[in-house]
Structure formats: C-alpha cells, structure tokens
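Feature annotations, courtesy of Swiss-Prot:
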- LYS62: N6-(pyridoxal phosphate)lysine (MOD_RES)
- HIS66: active site (ACT_SITE)
- GLY115, GLU116, PHE117, GLY118: pyridoxal 5'-phosphate binding site (BINDING)
- 195-199: motif 'CCCFC' (MOTIF)
Amino acid sequence: MSTDKISVLLNWHATPYHLPIFVAQSKGFFAKEGIKVAILEPNDPSDVTELIGSGKADLGCKAMIHTLAGKARGFPIKSIGTLMDEPFTGVIYLEGSGITSDFRSLKGKRIGYVGEFGKIQIDELTKYYGMTSKDYTAVRCGMNVSKAIIEGTIDAGIGLENIQQVELEEWCKANNRPASDVKMLRIDELAELGCCCFCSILYIANEDWLKDHPKETAAFMRAVKAGADAMFADPRGSWAEYCKVKPAMNTPLNRIMFDRSFNYMSQDLINVSRDWNKVTNYSKRLGIVPEDFVSNYTNEFVQWEVAPEGGEAEGLAKQQEMKTLQAHVAEHGGVLQAVTA
C-alpha cells in the first residue's frame, strides 16, 4: 500500500460534524489501515468539487447536490459514502423580519445563499408561488449567512438546522430573545421532495484516483467508519478527543452544534439509493444535470453489514422521527449536555 499521504479536502472549515474524520486520525485508525491522511480545509467551499475533480485533492466531503452538479460539469467525482444524512435545510429568518411561513412573504426580501445552487433552488421555488426570481434580491454570503442576518445585510438566508440555525438561536439567547424567534422554511417541504437529502454530506473521490487506489479507498472508508463507531459508542469521549486535536472546537456553540448534528450522522456510511434517485431527479428539474444523467455514487467501499434501506414510506417516517428528535435536542440538550468547557 502506498505510503504517500491521501489528501482529504473538507467541504467547509472544520465543523462539529467532521468529528469522525479527525477522530480516525487522532486515534490512529488511518495508521492501523496502513494509510497516511492529510486533512485539508478550503478557503472557499465553492472550490471543493473543482479541486477534487482536477486532482488537486484525492478525496473530500461535499453535499449531494454539489456532487451531482460537479460531475455534470465534467469533473470526475463520485460519492463513496455518507458522513451526515439529510440535515434539515431551508430559508432561515428571524421573527419580526416580515417573513412568515408563507413562501410568498419572501417577496421584496434579501435572501442570502452559500453557493450558486442555493439561488437556483429559490428561483425554482418562486414559480410555484406566483413569483419570479426578480421578486427577491439574492445575496451571495458564502460561509457568513448567520452573520449577515444578524448584521441586517440580508433578511433571510439558506442554512442548516444544525449549524446556521444554532448560530442564530444562540445569538438570540445572548440578546434576550427567545431561541424560538429563529424560523425555517424547509426547502424539501416547499419543493415537495420528501427528504432533505440534497444537503447530505458525502465522502467523495476523484474518479481517476479512485480507479488507481481501490485498496487505499477501502482502507480510508474502514478508518472513518471506525471513527463514526467510536463517536456513537462514546460521544463525549470522542468530542473530547476532537477538541484535543482541534482546540477551536471547544466552545459552547460548537458543542451545541455537535448535539444538533449527532442524530444526522450516518452510522453505516451507505449511499442511500432512494435519496440519490430523488436528488438526481430534483437536479434534473432544476436544470443542474441533463435528463440522461446517471447518479455518480458507489457503495463498493462500504464493506460491512448495513441495515435495509426501506422504501418511500420508511423515508418519510424517518423524516418525521428526526423532526421530533431534533425538537427534543433543541429544547433539552443532546449527547453533550452535561459536558462543560
């Protein structure tokens, strides 16, 4: 097996949900598998698919919709597994902004988004609510959606329930406002998708590198699976390990984000075919991929027993269960609630 380091480019700066990767490194799971790994963080998350697709990084993480779009644009990338499953994603706003649960209340508002596909999603939704893309102002915010809402440069922005929504809830608490002032219009519900899988965070690979390094790829997946297993077996100990190697993680905000991410984390790392079918069809609807596009994923390197996937009914039931779980964690705390700094 090659002793060269495998470069792994994250989809974002190190974030609580990246824990299995860093724990795999710090606990020696990569070394046990005979591989060396360099974990890299991007300056701009929009560059990740291009950097992996052009061979400047071997492996990495990216959302499902970006993985599909990157392949459609000619970058040879493929998903080899899942890090985080179906985090609730939507238009986040504050009570008093003039926005309500009616999508049409976004008319005349400034809506922030991370990358270009967020704007495409909102533009597409306007068609179903008697609006056009000219009825709102799109503002590209990159990693700073929450900050832009707080500063008032946007009225709402696309974000994740376990990341940007948490940032805003904690800001509200610090400013004598109830956390319930933070609201979300879930994109999957507005678009009638039946899942939030378009923002599932995947492990992706450069296809040329993948073809030449199947043993190293399998070793990487076994190691991050061991990292995930350690997290589920001992969340508090794993969080402490993560904070040891990434001291910036050791903040109250990050602990809450981890609590809110925990239920979304993939236990078996499988690419869920039901979700891929939905998001591939959704991407065709958005015009992100052509009609003859074939989903770019493989489960070849998930070499352990996995639970049956289930059909549409099981997927919808999972979403309802997750909604209940996340509401409980938001109100009562999660796996780290007793952990102190």
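Just so you know, glycine gets a Cβ as well, placed from its N, Cα and C.
Positions of the features from Swiss-Prot, shown on the structure.
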{"residue": "LYS62", "record": "N6-(pyridoxal phosphate)lysine", "Cβ neighbours (10 Å)": "26"}
{"residue": "HIS66", "record": "active site", "Cβ neighbours (10 Å)": "25"}
{"residue": "GLY115", "record": "pyridoxal 5'-phosphate binding site", "Cβ neighbours (10 Å)": "20"}
{"residue": "GLU116", "record": "pyridoxal 5'-phosphate binding site", "Cβ neighbours (10 Å)": "14"}
{"residue": "PHE117", "record": "pyridoxal 5'-phosphate binding site", "Cβ neighbours (10 Å)": "21"}
{"residue": "GLY118", "record": "pyridoxal 5'-phosphate binding site", "Cβ neighbours (10 Å)": "24"}
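The residue listed as 'active site' and GLY118 (pyridoxal 5'-phosphate binding site) have their C-alpha atoms 10 Å apart, to the nearest angstrom. PHE117 (pyridoxal 5'-phosphate binding site) falls within a helical segment according to DSSP.
Between GLU116 (pyridoxal 5'-phosphate binding site) and the residue listed as 'N6-(pyridoxal phosphate)lysine', the C-alpha separation comes to 14 Å. Between GLY115 (pyridoxal 5'-phosphate binding site) and the residue listed as 'N6-(pyridoxal phosphate)lysine', the C-alpha separation comes to 12 Å.
A straight line from the CA of GLY118 (pyridoxal 5'-phosphate binding site) to the CA of LYS62 (N6-(pyridoxal phosphate)lysine) spans 14 Å. Confidence in the motif 'CCCFC' (195-199), given as mean pLDDT, stands at 84.
Between the CA atoms of the residue listed as 'N6-(pyridoxal phosphate)lysine' and PHE117 (pyridoxal 5'-phosphate binding site) there is a gap of 13 Å, rounded to the nearest whole number.
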